[in-house]
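Scroll down for the structure; my scribbles are underneath it.
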Amino acid sequence: MEPIATAAGIRAAEQSWFDAHPRGDLMGRAAAAVARAAAAQLAGRESWGVLVVAGPGNNAGDALFAAAELSDLLGRRVPLWVWPVADRTHEDGLAAALGEGAVVIDAAAALLYATGVGVVLDGLSGLGGRPGLPDAALAVARAAAEASVPVVSVDLPSGLVADSARAHPSFVADVTVTFIARKLAQVAQPAASACGRVDLVDIGVEPPATDTWLVTADDLRAWYPWPGPLSDKYSRGVVGIDTGSAGYPGAALLGVGGALHAGAGMVRYVGPARDAVLAAFPSVVAPLEGADPGRVQAWVCGSGWPDADPDRLARRLADGVPTVLDAGALAALPAALPDGSLLTPHAGELARLLGVPRADVEAEPIEHARDAAARTGAHVLLKGATQYSVAPDGGVLIAEPGPAWTATAGSGDTLAGIAGTLLAAGLDPWRAGALAASLQARAAHALPGPRTPEEVATRGLPDAIVALQH
């Protein structure tokens, strides 16, 4: 798992490093990385000029020292223009840039140069910045974007807030060069869209302690319940699925398909879509209505339920096994849930569960998912453009993102089935949620162009799982 650090955590880690290395030069290391990124953006462009948008802090120092290195790095003189946005900036960095022939300009000139230079170095605010930009800086950011001038941001595009996924008026970077550890704004939408490619640079400082992590390919490989030579259908996990209705039979088909193609040892289906499920998936065990469904290691409930149905849910929770609670089941939660329960709401469902406006959940998704986990004692997989698996103790896993076209009806039904298979195989719900979302994302990425949720499950998911081994 890759740590996601807060701005406060980064500042504390830097201070600890300086306490141990009082003469250390972190800024020099950071500036060298920024210079390399800027040089790469200048390669092949007709304009070699660089505009440095400099704030008053160390972010500007990184950018200014980087600009001063470019001529030596590229083997030719690089014209430099520096706009000190607050009429003051990092003194030593400015002196280094002036020593390389930099010219200090005002806002009006910066607006002009932003459309014609080879690259803009954004060193305005970084980690310590407030949301949004001053009007003059926003005009420069928009001018660069409209002219397709590359932007290299130091640590974070100015205008964003490191610890938030919210979008604000900001620079839109082609490359963000960040240090020590990634920050939430760099990995979570919609803020991440403004960061471009994020280059994480090791400058010799240990990442701070955190409760939020980004899932990696190594994690997915380690967590997936690979069958062994002695595995059988029971040891691989039997997942029970009680989903669908007369009005929404497709939810049952999608959930069953997700469970099967995620590697379930057996799927037992109970529900109104029995005939359709057996026609599509003859390997499913589907007893007649009222018959004992048999033993399961996990249940998936709620997808395609037209209304809250506490009695229907209570029958499944009575088994006391880990349960995925999706869609309609979220409106019928009892006071106590079995250990290992996993709620899978989207933002609207989570808002209804908590009694808050949807906009509040979308603005602070982690905060509200943590609230739901703490209230219910269950784990929460909050679905959306960025998907968060949240434990009752507040720990957060951020799943791999899928392509935007997976935002379609039925994707959540499929995801619930995938998660059910992983719970039935014995995976804890925190990792099961993140793994399920990441596998579905990888399955979608493996297919060219938009695909339906059933195609993602049947065609993409098996290949995505196999690819984890390589």
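Backbone N, Cα and C define each Cβ position, glycine as well.
Model, not experiment: these values are computed from the prediction.
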Per TrEMBL, what member of ALA246, ALA251, ALA467 joins GLY304, HIS346, ASP413 in binding (6S)-NADPHX at one site?
ALA251
DSSP state at GLY304 ((6S)-NADPHX binding site), helix/strand/coil:
coil
Across all the protein chains here, work out how many other Cβ atoms are within 10 Å of the Cβ of HIS346 ((6S)-NADPHX binding site).
19
Give the residue from the binding-site residues GLY304, GLY412 that has the most other Cβ atoms within 10 Å of its Cβ, counting over every protein chain displayed.
GLY304
By the DSSP assignment reduced to helix, strand and coil, which category contains HIS346 ((6S)-NADPHX binding site)?
coil
Between GLY304 ((6S)-NADPHX binding site) and GLY412 (AMP binding site), find the distance joining the two CA atoms and give it rounded to the nearest Å.
10
Pairwise over ALA251, GLY304, HIS346, ASP413, annotated as binding (6S)-NADPHX, what's the top Cα to Cα distance to the nearest Å?
16
For the C-alpha pair, I'd like the distance in angstrom between ALA251 ((6S)-NADPHX binding site) and GLY412 (AMP binding site), rounded off.
9
Do you know the mean pLDDT across the domain 'YjeF C-terminal' (216-468)?
95
